Amino acid sequence: MSVQEKSAAGKGAIAGAAGGDTIAAVSSGRGGAVAVIRLSGPAAGDVVLALAGRVPEPRRAVLARLRHPDSGEPLDQGLVLWFPAPRSATGEDMAELQIHGGRAVVAAVLGAVLAVPGTRPAQAGEFTRRAFLNGRMDLTEAEGLADLIGAETQAQRRLAFSHAFGHLGQRVEDWRHRLVRAMALVEAGIDFADEDDVPAEARALARPEVEALQRELAQALGDRRGAMVREGALIAIAGLPNAGKSSLINALAARDVAIVSDEPGTTRDLLEVSLDLDGHKVMLVDTAGLREAEGKVEAEGIRRARARIAEADLVLWVHDVAAGPAPDEAPEMEAPAELWLVGNKLDRGAGGESVAGRWAGRSFAVSARSGEGLDVLTRALGGFVTDRTAGGEHPALIRERHRASAAEASAHLGAALAGWEELDDALLAEELRLAARALGRMTGAIGVDDLLDVVFREFCIGK
Ligand SMILES: Nc1nc2c(ncn2[C@@H]2O[C@H](COP(=O)(O)OP(=O)(O)OP(=O)(O)O)[C@@H](O)[C@H]2O)c(=O)[nH]1
Ligand SMILES: [K+]
Ligand SMILES: [Mg+2]
């Protein structure tokens, strides 16, 4: 049986071909009954031939006895799959061995694979990296895949799925193509510089498109839903010392994460817990009680508390209902994005008094100790995150990297629009080109060699 020797790069390969060696790794999780060994590269077919004695038909699972290529010792019996280039996940020749998941079996078969010349163990993310280099996916799809594998909540899974299968990439490529068309119009002016009205007309045609793009970018940049789903909504628990903030975070997390004591000023450092609320990830942060600090350490704790409160999507102001009526205002805070009152220690009798004024509709009565009222608060928190993340189109920008590229593109479009009448054709075209380049970096269509290590480092070995 002859095995295709060359590593066929998929059409549209972007940033140069992948390495000529063949990589192998266990791609399944630990401890399963079945393990999957994946191979990619020109020697993948040789490996299958050497271990299984034949190369099956493409994309058909066949049962085969796997032997060590040198000793001929049978190692296991399993399913073998052969995916010749370029119709494979990486765009190279690939093979998959589905074997028994025992540690010794996996070690023996992987050892046999690596005994075939031209093979070596894969590094983390190397399969996906090859898929990107061979034009099988863009960079945003690779990032989406990493997020899909890492998704902890259903909302994260849904976002990552649309991201992994091209949603963001298509949107960005659409922006970029429109921008390139506008740029071509402006550049047409350069070519026809002798004929007076051509440049002016071409420019006038390009402008509405650039304005529309600028609006769409601004809208995408203003949309925080992607970050909120991916990183989790940040919910800060704030209040006076001893209000029961740490007790509340423990109750919501159903774990003893924070130290509770009757001593005011117990919490100093920020303490963060990630929770799955109704399928949404939230980051709850316990903070130091806000008051005139009694020492350097407490003062630093309060400084950190204020900084985190200022970043929060929602602040829960915890108030000890036994200590008197709720404050009209949450004292000593910069205006947070959203502020709710949580009257705590309901078990101590007081509370339940009507809360009017600024807290109307945003106040809750709970007992962190008895658990009373926590279900209502939890549901409201879930509703808050759902409201803030659901609805409309999928968010366009998800990672900081995407936001940075979009902001860079937007800055160049802004400069182009500001100088639309005065800039000469070459300078105007240059602003548009720089904007298109920033967008191209988002999908990896342009100049991303420096980014690859960062993007692919997130993957596990075998992906
Ligand atoms: N009766 C009652 N006591 C509570 C409740 N929640 C907290 N406490 C008590 O209030 C005291 C202070 O609780 P903490 O959770 O440490 O309060 P904190 O707001 O984190 O305090 P600092 O970190 O010092 O700012 C402790 O003695 C708790 O046991 C509650 O719902 N009912
Ligand atoms: K305390
Ligand atoms: Mg505390």
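Glycine residues also receive a Cβ, built from the backbone N, Cα and C atoms like all the rest.
Taken verbatim from TrEMBL:
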| type | residues | note |
| --- | --- | --- |
| BINDING | Arg38, Glu96, Arg136, Lys463 | (6S)-5-formyl-5,6,7,8-tetrahydrofolate binding site |
| BINDING | 242-247, 261-267, 286-289, 367-369 | GTP binding site |
| BINDING | Ser246, Thr267 | Mg(2+) binding site |
| DOMAIN | 232-386 | domain 'TrmE-type G' |
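By the rule that a residue counts when its Cβ sits under 6 Å from some atom of ligand 2, the binding-site residues Glu96, Arg136, Asn242, Lys463 yield Asn242. The Cβ neighbour count for Lys245 (GTP binding site), using a 10 Å radius and every protein chain shown, is 31. The C-beta environment of Asn242 (GTP binding site), restricted to residues of the same chain at least 6 apart in sequence and closer than 8 Å, consists of Asp262, Glu263, Pro264, Thr266, Gly289, Asp320. Note on proximity: among Arg38, Glu96, Arg136, Lys463, the binding-site residues of the record, the Cα nearest Lys245 (GTP binding site) is that of Lys463. Cβ environment of Ala288 (GTP binding site): Pro241, Gly265, Thr267, Arg268, Asp269, Glu298, Gly301, Ile302, Arg304, Ala305 lie under 8 Å away, each six or more residues apart in the same chain. Checked against ligand 1, the binding-site residues Arg136, Asn242, Lys245, Ser246 give Asn242, Lys245, Ser246 as the ones with a Cβ under 6 Å from it, listed in sequence order. Distances between the Cα of Ala368 (GTP binding site) and those of the binding-site residues Arg38, Glu96, Arg136, Ser246, Lys463 are shortest for Ser246. Among the binding-site residues Arg38, Glu96, Arg136, Ser261, Lys463, the ones whose Cα sits within 10 Å of the Cα of Ser246 (Mg(2+) binding site) are Ser261, in sequence order. Here the CA atom of Ser261 (GTP binding site) lies 56 Å from the CA atom of Arg136 ((6S)-5-formyl-5,6,7,8-tetrahydrofolate binding site).
There are 23 other Cβ atoms within 10 Å of the Cβ belonging to Thr267 (GTP binding site). The binding-site residues considered are Ser246, Pro264, Ala368; of these, Pro264 has the fewest other C-beta atoms within 10 angstroms of its C-beta. Glu96 ((6S)-5-formyl-5,6,7,8-tetrahydrofolate binding site) sits 56 Å from Ser261 (GTP binding site), counting Cα to Cα. Taking only the Cα positions, the spacing between Arg38 ((6S)-5-formyl-5,6,7,8-tetrahydrofolate binding site) and Ser261 (GTP binding site) is 53 angstrom.
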